[in-house]
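**Q** As annotated in Swiss-Prot:
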| type | residues | note |
| --- | --- | --- |
| BINDING | 27-34, 53-57, 70-73, 137-140, 172-174 | GTP binding site |
| BINDING | Ser34, Thr55 | Mg(2+) binding site |
| DOMAIN | 19-193 | domain 'EngB-type G' |
Amino acid sequence: MWKFVKSALKKETWVKCEDCIQICFWGRSNVGKSSLLNALVNQKISYVSKQPGRTQFINYFQEENRFIVDLPGYGYAQLSKEKIEEMNYWISAFLKDDKCTKVMFLLIDSRTGITKIDLEKLAFLKAINLPIHLIYTKIDKLNQKEKSALVKKHNEYLDSNLLNESTNSFLVSSTNKIGLDDLVLFIEENIFKK
């Protein structure tokens, strides 16, 4: 059973764990992070809000020595410049910290595909050698032609070397539970069992 541990931002407030695995979820504001986390663990661990920019802290959820880390969304302009800079600084520091194993799941709204700000985050994550996997959310909103176009564009990013060959991608819908079983299986088999 997953449980909420704490909200943190500055380094002295981070959860300290030497021998644990942290799966981090990050994405643009309002990409559907909280809904995905709740669907993923099949329990309500994260508050779902229609208002973008709601998550402003690093939120930790724990089950034994496994952690889910919900990072504040990026690209939300309604916060003050100072608050955005502070959040960006501490998120960057958190992701660079190598005290425990971290794996990043970057959430992309399937309706927009990878945006300019997503590309910036991908470049940063690649530069710090963090394992990255992509989750295209809200896939139920796309028709078959749009899904095919999304997959084609994703493959172009793979070919362009922006994404590593080890980057996996998942098409999911938290609402309709599409793709969740594959995602859960991947996490259990390839991350938590290591």
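Cβ atoms are placed via backbone N, Cα and C, with glycine included.
Fair warning: this is a prediction, and the values are worked out from it, not measured in the lab.
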**Q** Quick one: pull the CA-CA distance for Lys138 (GTP binding site) versus Ser34 (Mg(2+) binding site), whole Å only.
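**A** Just about 12 Å between their Cα atoms.
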**Q** With H, G and I counted as helix, E and B as strand and the rest as coil, say where DSSP puts Lys33 (GTP binding site).
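**A** Looking at the DSSP assignment, Lys33 (GTP binding site) belongs to a helix.
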**Q** Tell me which residues of the chain lie with their Cβ under 8 angstroms from that of Gly27 (GTP binding site), as long as they are six or more apart in sequence?
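**A** In sequence order, the residues whose Cβ lies under 8 Å from that of Gly27 (GTP binding site) (at least 6 apart) are Lys33, Gly73, Tyr74, Leu106, Leu107, Ile108, Asp109, Asp118, Ile135, Thr137.
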**Q** Which residue among the binding-site residues Asn30, Ser34 has the fewest other Cβ atoms within 10 Å of its Cβ, if you could check?
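**A** Counting other Cβ atoms within 10 Å of each of the binding-site residues Asn30, Ser34 gives the minimum at Asn30.
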**Q** Neighbour count, 10 Å Cβ-Cβ cut-off, for Lys33 (GTP binding site): what number do you get?
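**A** Counting Cβ neighbours of Lys33 (GTP binding site) within 10 Å gives 27.
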**Q** Name, in the order they occur in the sequence, the residues of the same chain whose CB lies under 8 A from the CB of Phe57 (GTP binding site) and which sit 6 or more residues away.
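**A** Set apart from Phe57 (GTP binding site) by at least 6 residues yet with Cβ under 8 Å, we have Ser7, Ala8, Leu9, Pro72.
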**Q** May I ask for the distance between Val172 (GTP binding site) and Ser34 (Mg(2+) binding site), taken between their Cα atoms and rounded to an integer number of Å?
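**A** Taking the Cα atoms only, Val172 (GTP binding site) lies 13 Å from Ser34 (Mg(2+) binding site).
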**Q** When you measure from the Cβ of Pro72 (GTP binding site), how many other Cβ atoms are you left with inside 10 Å?
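**A** Its Cβ shell of radius 10 Å holds 23 other Cβ atoms.
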**Q** Given a 10 Å Cβ-Cβ cut-off, pick out the one of the binding-site residues Lys138, Val172 that has the most other Cβ atoms nearby.
**A** Val172
